[in-house]
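Look at TrEMBL and you will find GLU31 tagged as active site, proton donor. Residues or ranges marked as substrate binding site in TrEMBL: LYS92, VAL112, SER146, ALA147, ASP148. Annotation source TrEMBL lists Mn(2+) binding site at ASP144. Annotation source TrEMBL lists active site, nucleophile at LYS165.
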Amino acid sequence: MTKAISPLLPIVYSKEVAAAKVRGAPIVALESTIITHGMPFPGNLEMARSVETIIREQGAVPATIAVIDGILHIGLEDAQIAALAQMTGVMKLSRADIAFALAERRSGATTVAATMIAASRAGISVFATGGIGGVHRGAEESLDISADLEELARTPVIVVSAGPKAILDIPKTLEFLETRGVPVVTYDSEEFPAFWSRNSGLRSPLSLSSPAAIANFQRMREQLGIEGGLLIANPVPEEYEIPREEMEIYIGRALASAEREEVTGKDVTPFLLDNIFHLTAGRSLKTNVALVENNARLAAEIAVAMND
Ligand code: PSU
Ligand code: MN
């Protein structure tokens, strides 16, 4: 039997990220599933570009992460982002299959879980997204719980979100995070947000109101030898929010369609988001873009504070 030689990790940094690493400049990781599976073209491309601009304006460097032809890219050039935004049939990669895409030289977009793994490997400790995956409604039956939650428990990256996507069971998602020892910190509010809405009706487990305090909290966890990430919930700006009562109607309809069409596994989240986009005549997308931009701004401020 011939012994397999371990392959080297095929990792490439964009010019901008490579230079930032040399200078020790603050870097913010960005996921790519939100581009390929979370939003329709061209809104997805506009969002991908605007979050990068916002991060630069705050004095940090954006690193959009994706697997392209078997190479793990930490930071994409603009043409690569544009190509990704229009690609169809791209894999949606999580902890279970990111190495598969690399080994098999495939292309794939990274979810929150896979982006955390890649960011941590690249020495990046802050990451901005829209909403994390979580415990799905009806998980008692389906056992559908996003790998994002387990990743938060083990990988030391600060994830800035607008809360778990409201299509999920938010109370159960919070219970799971508590059990796994993941701190959930709402930014500048005591009320836990619900993605498109500023309020979930639940109180936030923790709350902090400055980027410096968030950076300090994560450093203190490191000092204690606690592994794992930190979930920041950043409520969507008021002018873009869709009230919870209204969202619940669309979510109910989308969930009913998913059940009727027997959608399962990785397809559930993209299916629901697309359905809600149509049910709200595109309004949910405007809110989604606004909240990702808002999260990118806060993530950049935290990355800058981590460097102080
Ligand atoms: N947030 C969004 N849009 C998205 C996602 C998050 O605003 O498309 C993606 C993220 O990549 C997240 C994934 O990790 O959905 C969760 O998928 P699942 O529920 O299958 O774990
Ligand atoms: Mn799932």
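Cβ atoms here come from the backbone N, Cα and C positions, even for glycine.
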Review point. Considering the recorded positions GLU31, ASP144, ASP148, which residue's Cβ sits among the greatest number of other Cβ atoms within 10 Å?
Key: GLU31
Review point. Near ligand 1, which of the binding-site residues LYS92, ASP144, SER146 have CB less than 6 Å from any of its atoms?
Key: SER146
Revision key, fill the gap. Listed in sequence order, the recorded positions within 10 angstroms (C-alpha to C-alpha) of VAL112 (substrate binding site) out of GLU31, ASP144, LYS165 are GLU31
Study note, to complete from the structure: Taking GLU31, LYS92, ASP144, ALA147, ASP148 as the recorded positions, the residues having C-beta under 6 A from ligand 2 are ASP144
Revision key, fill the gap. Near substrate: residues not in LYS92, VAL112, SER146, ALA147, ASP148 with Cβ within 8 Å of the site Cβ centroid are THR33, SER94, THR111, ALA113, ALA114, ILE132, GLY133, GLU151
Review point. Do you know which of the recorded positions LYS92, LYS165 has the most other C-beta atoms within 10 angstroms of its C-beta?
Key: LYS165
Check your understanding: Greatest CA-CA distance (Å) over the residues LYS92, VAL112, SER146, ALA147, ASP148 that the record ties to substrate?
Key -> 13
Review point. Where's the emptiest Cβ shell within 10 Å among the binding-site residues VAL112, ALA147?
Key: ALA147
Exercise for review: Can you figure out which of ASP144, SER146, ASP148, LYS165 (the recorded positions) comes closest in space to GLU31 (active site, proton donor), comparing Cα atoms?
Suggested key: ASP148
Study note, to complete from the structure: Rounding to whole Å, the Cα atoms of ASP144 (Mn(2+) binding site) and LYS165 (active site, nucleophile) are apart by 14
**Study point:** the residue listed as 'active site, nucleophile' and SER146 (substrate binding site), Cα-Cα, nearest whole angstrom
**Key:** 11
Check your understanding: What three-state class does DSSP give LYS92 (substrate binding site)?
Key -> strand
Study note, to complete from the structure: Rounded Cα distance in angstrom between LYS92 (substrate binding site) and the residue listed as 'active site, nucleophile' is 17
